[in-house]
Amino acid sequence: MDSALSDPHNGSAEAGGPTNSTTRPPSTPEGIALAYGSLLLMALLPIFFGALRSVRCARGKNASDMPETITSRDAARFPIIASCTLLGLYLFFKVYFPNKSYTGSVLKTWKTQKSKKGKTAVIQNPTTRDSHSCPSEIFSQEYINLLLSMYFFVLGILALSHTISPFMNKFFPATFPNRQYQLLFTQGSGENKEEIINYEFDTKDLVCLGLSSIVGVWYLLRKHWIANNLFGLAFSLNGVELLHLNNVSTGCILLGGLFIYDVFWVFGTNVMVTVAKSFEAPIKLVFPQDLLEKGLEANNFAMLGLGDVVIPGIFIALLLRFDISLKKNTHTYFYTSFAAYIFGLGLTIFIMHIFKHAQPALLYLVPACIGFPVLVALAKGEVTEMFSYEESNPKDPAAVTESKGTEASASKGLEKKEK
């Protein structure tokens, strides 16, 4: 999980893209301010709207809208699993691609020679050939990045389609021929029959899927930073909407564990930044600091890992649902934690700009997002209520019936608030 905020200006080696021997010219103050402000805004949008959508998150038959509940056991194991995954990716790139591109080293090893008859032959250069330099061409970085691109191409289309579907529904006329479809995969037969996938969709969803595919093809062919951000925002919003913490204690365990994870892998090693730079995938939000000079073809990026959006975001969404459970028609804890996130990320950007080094954003976000709401709860005398609040697992059939009344009242409260 990429969760470091990096600042690549002034030719820093912490850049989100590949580096070379020539340092980039310093970015202008206006360009830096625009990049930082845009990253902050892009981080806030999926948290705010994802939290609102998490309240309305369907708990019915459609598996695509059913939230995944994170328990305290899951939260305790997550930093360990994330660390193993991160280290494995780092070792993979270091062992197989010590020079960042295996194919590049192959091209240096083999040369083409044109004969007098005009025929071209490929010969081996004995001065650069190394018997143990690289593994099979199947594992070249270009092939790996191609596989990753195809994987995120599919995921990105589905995530973006799910994100824009509620907004696009408002633009369809009432006479639009909308048909219902169902994709069902089961395992076993008779009494042992078990549903694996039960996905319901309609013609409007197919239109959204088609529009999202255009962005997907754009990303696949160009890897443009705008397409990357559209996918990144969709992943973030879906994560905040569909990943639910079962209680505040679980949220504290998750954020506390990832606090240590983030600090260690960013400050203690170069592992996280190396993996972030090696991955050609929409796992981070980026914005160019030289946009004013080069326009849409700018390439001097500041970046924010999606982990810095989704992890605090699911905790902020939990506090919104806790606000609604209090039935006081106020969203005190949601707005407090949302303001705390702005403060924490702003502090991260400030520290990064001063020291010109990639920062573990959770180092500043976790104390702010947990500390501010707890202080408010202490002031209001609601600490017990906050830590005793529990959400049932929506995949439990008994929990679905029990939650219908709460979900209906929550939706009414939000509709009044939005009006």
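Easy rule for this one: first residue shown is 1, then count along the chain.
Each Cβ is built from the backbone N, Cα and C atoms, and glycine gets one as well.
Annotation comment: TrEMBL describes 1-28 (among others) as region 'Disordered'.
The feature region 'Disordered' is assigned by TrEMBL to 389-419 (among others).
According to TrEMBL, the transmembrane segment annotation covers 33-55 (among others). If you look at the transmembrane segment (33-55), the same-chain residues 6 or more away from its ends with a CB under 8 A from one of its CBs are 5, 27, 67, 166, 229, 232-233, 236-242, 244, 285, 287-289, 291-292, 301-304, 308-310, 312-313, 316-317, 320-321, 324, 334, 338, 341-342, 345-346, 349, 353, 407, 410-411, 414.
Among the features that TrEMBL reports, transmembrane segment is placed at 76-97 (among others).
Marked as transmembrane segment by TrEMBL: 143-161 (among others).
According to TrEMBL, the feature transmembrane segment maps to 248-267 (among others).
TrEMBL lists 301-320 (among others) with the feature transmembrane segment. Under 8 Å from some Cβ of the transmembrane segment (301-320) lie the Cβ atoms of residues 1-9, 15-17, 32, 35-36, 39, 42-43, 46-47, 50-52, 54-55, 70, 225, 232, 235-236, 239-241, 243-245, 247-248, 251, 254-255, 258, 262, 276, 283-289, 331, 333-334, 336-338, 341, 344-345, 361-362, 365-366, 369-370, 373, 391, all in the same chain and six or more residues away from its ends.
According to TrEMBL, the transmembrane segment annotation covers 332-355 (among others).
Packing against the transmembrane segment (361-379) from elsewhere in the chain are residues 3-5, 251-252, 255-256, 258-259, 261-263, 304-305, 307-308, 311-312, 315-316, 319, 332-333, 336-337, 339-341, 343-345, 347-348, 351, 385-386: each is 6 or more residues past its ends and has a CB under 8 Å from a CB in it. According to TrEMBL, the transmembrane segment annotation covers 361-379 (among others).
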Close approaches to the transmembrane segment (248-267) from elsewhere in its chain (Cβ under 8 angstroms; 6 or more beyond its ends): 3-4, 70-72, 74-76, 78-79, 82-83, 86, 273, 307, 311-312, 314-315, 318-319, 322, 358-363, 366, 369-370, 386-387, 389
Contact set, same chain, for the transmembrane segment (332-355): CB under 8 Å, 6 or more residues outside the stretch: 5-7, 32, 36, 39-40, 43-44, 47-48, 51, 308, 312, 315-316, 319-320, 322-323, 361, 363-369, 371-373, 376-377, 380, 386
